[in-house]
Structures are given as structure tokens and as C-alpha cells.
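Quick look at what TrEMBL lists:
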type	residues	note
REPEAT	138-176	repeat 'NHL'
REPEAT	189-226	repeat 'NHL'
REPEAT	240-277	repeat 'NHL'
Amino acid sequence: NIPANATWKQNGVTIAGGHGLGNATNQLSYPHGIFVDDNQTVVIADNGNDRMMQWKNGDTTNGQTDSLIICDRGNRRVVRWSRRSGTTQGEILIDNISCWGLAMDEQRYLYVSDIGKHEVRRYQLGEKNGTLVAGGNEKGNDANQLNWPTYLFVDRQQTVYISDYYNHRVMKWNKGAKEGIVVAGGQGYGNAPTQLSFPRGIFADTLGTLYVADSSNNCVMRWTQGDKKRGTVIVGGNGIGAGANQFNDPVGLSFDRHGNLYVVDENNTRVQRFSIE
């Protein structure tokens, strides 16, 4: 749990990329997703280079995750790759899907957002069709609709949080619900505290506090349970740029077990870490 009033250092430290656009091991190309495991090993979806990159914090051993599940959107499939060296081929888990976001719950159900069908489905590993858990009513902005669902987060109650990209909102779908609840944004495109502009990466803690990469506003926002109508900027929000306190299209975000914040800064081709204070 991250305290609801926590603060982070405003200047981020580049932990991956930051050496311009490219395919060298110290470079990234339009990175998107990020995952931080229990050993603070950071795994980055290096989108433009069609590869996954791993950054280790010091000389730690690998955690429990011995394979990666990856949305291979250009090939319209979800694949699993072993993290062990020498692996040359992935295993196709789901095909014929315009996937974007992936999440896994504690029961090892896989959740996948589909930007073509404007829906989120839940899969048991090995299952091909899955179960509809959100959207699926064509694109739109009603409570039972989504418009380009991208990033996902699933909590212990199997509640699904969805970045509803073109609706400029984050939706919360409780398990078994027929419609979602707006928990951030939903007031149109803009930069007011009540608004989001093309939200991307999301994270919710057990207190229900929501963290959102507000990509077009170049900041990360926090929305607390008691104040659903407005969020606060926790890092960024200093205009578009490449400074240590700036972003140029923040997309994926994650936290490590200490509460440090990691943000994929797409157009600066870097990953920034903001230390919790």
C-alpha cells in the first residue's frame, strides 16, 4: 500500500533508454508497456524494435516469473515466451485479436483488452475464447461501452480498471457487472483536475487509489477514493519536454515494492524512475 498522501521526487532518473531512438541495448524505440517484479527487475515492451528488454536492479536473482506474456499486436495475437536464455520461439495463447493491454489476477486468469471490439475478456490460460468482462457493446461512451480500451489493471477482487482512451476516462468494472463506473476523467478532453487527455497506463492500490499516465497532459495523476471528481498531478505536468521533471507522452507505469514509480516516456525513448519520499 502506498500512503494516499505520498510524494515522489519530482526529478526522474533514467533507468533504461535515454540515448536517442535506436536498437542498441542502451536504446529504445517508442516503448509502451512496463512490468516490475519483486526483485525490481524491470521488463519493457520496446515497441518499435519488436523486442522485450530487461533491466536488472543490481545483481539480483530472477523472481518467480519464468515466462512473459506479451501482446504481439502487429501479429494480432497474445504469446508466451520463456525468460530463460536460449528461447527462440514463443507459444501462441490467443490469436486473431487486436490486443493492447494485458493483466493477470491472483488466480492466474489473463485479462486482455481488444481495441477492435472495444471490449475486455478474461481467459484461463489455454482457453481461446474467454469470457466478456467489460464493454463488447460496440464503441461508445455509455456506461456499458468503451472506445479503444488500452491499459488494464486487475485487483484482488477481480475488479478491472480500464483506460478508456478516446473517452478520456478510466472505467472500473466490478466482477460480473454489466456496466462500468467512471473513476477518473470522463469530462471530455482537457487539462483541468477533473479531466484526462488520452489516458494510458494505470495502477490501483488496495485502498482504491488510482494512478494514471495522462499522456497528452504529460503527467501522472492520482485519484483517491474519496475524491472521484478530481485528480492531482504527482509527477510531470511541466509541459512537454525531455527534462528530468518532464515527459513527452507518458504511457506505461508501474511501481516497485518500495513504492518507487516507473514511467515509460514514449517519445523521449526512455524509462524514468521517481523515488518515493
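Glycine residues also receive a Cβ, built from the backbone N, Cα and C atoms like all the rest.
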>> Please list the DSSP helix, strand and coil residue counts for the repeat 'NHL' (138-176).
In response: 3 helix, 18 strand, 18 coil
> By DSSP, how many residues in the repeat 'NHL' (189-226) are helix, how many strand, and how many coil?
Replying inline: 3 helix, 16 strand, 19 coil
>> Give me the DSSP three-state residue breakdown of the repeat 'NHL' (240-277), ordered helix, strand, coil.
In response: 3 helix, 19 strand, 16 coil
> Can you tell me the mean pLDDT for the repeat 'NHL' (240-277)?
Replying inline: 97
